[in-house]
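K.L.:
Structure provided below as structure tokens; questions to follow.
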Amino acid sequence: MRISVFQEQRRYRGQSRSDNPPHIFAVADAAYQALLHQRQNQAIVISGESGAGKTESANLLLKQLVYLGKAPNRNLEERILQVNPIMEAFGNARTGINANSSRFGKFLDLTMTKGGKVTGARVSVYLLEQSRVSQRIQGERNFHVFYYLYDGLESEGRMAEFHLDPVLRLRHHYLGDDVQDMESKKNSGSQPFVAHLPFLEVD
């Protein structure tokens, strides 16, 4: 899979839109080339109805922009790419039609040198659906991070340390108590988040 993505990234680098089929990588390259040649800031807006693929498109867009503007510091590049998974943990939730629905708006400012090298990124969050924390809709879930924390404690055998019982998990009002949750508990997706935890550290 990684090889396939890398091949697609190379395929759309520095090409005109007519050279390849439509792709989010082509959008990223067009913005990058305009930044270099027109010397003007570029903005890309991703919009659409719930479940249209905005989150995945944003992830691929960032991946391609970072690829095009190779940062001299490999650690910086990795940290920038971990922004979206971490933000999704705290701002995304499962809804009736989308297992990873963004419940907030996000503005990502990617900074580059005049030569097109990535130097950093800044994220601004707005319109977070705060009501979901205390007013979970039947058949939907709270923000991913709450389940990640629960799964992490359970996998490490630390439930008793915090006076929690895995059997009573689905009876917690803010986590969920419906049949759908019982099925999805088997695949909460906490492992991918755990892999990103080191990037939460502050230098």
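Using the three backbone atoms N, Cα and C, a Cβ is placed for every residue, glycine included.
Grabbed the feature section from TrEMBL, which reads as follows:
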BINDING   Gly48, Glu49, Ser50, Gly51, Ala52, Gly53, Lys54, Thr55  ATP binding site
DOMAIN    1-203  domain 'Myosin motor'
REGION    1-20  region 'Disordered'
K.L.:
Which secondary structure state does DSSP assign to Thr55 (ATP binding site), in the simple three-class scheme?
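P.N.:
In three-state terms, Thr55 (ATP binding site) counts as helix.
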K.L.:
Given the binding-site residues Gly48, Gly51, Gly53, which one's Cβ is surrounded by the fewest other Cβ atoms within 10 Å?
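P.N.:
It is Gly48 that, of the binding-site residues Gly48, Gly51, Gly53, has the fewest other Cβ atoms within 10 Å.
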K.L.:
Could you work out which of the binding-site residues (Ser50, Thr55) has its C-beta surrounded by the smallest number of other C-beta atoms within 10 A?
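P.N.:
Among the binding-site residues Ser50, Thr55, the sparsest Cβ neighbourhood within 10 Å belongs to Ser50.
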K.L.:
Starting from the Cβ of Lys54 (ATP binding site), draw a 10 Å sphere and report how many other Cβ atoms land inside it.
P.N.:
17
K.L.:
Among the binding-site residues listed here, Glu49, Ala52, whose Cβ has the fewest other Cβ atoms inside 10 Å?
P.N.:
Glu49
K.L.:
If you take the centroid of the Cβ atoms of Gly48, Glu49, Ser50, Gly51, Ala52, Gly53, Lys54, Thr55, the listed ATP site, which other residues of that chain have their Cβ within 8 Å of it?
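P.N.:
Close Cβ neighbours, site residues excluded: Asn98.
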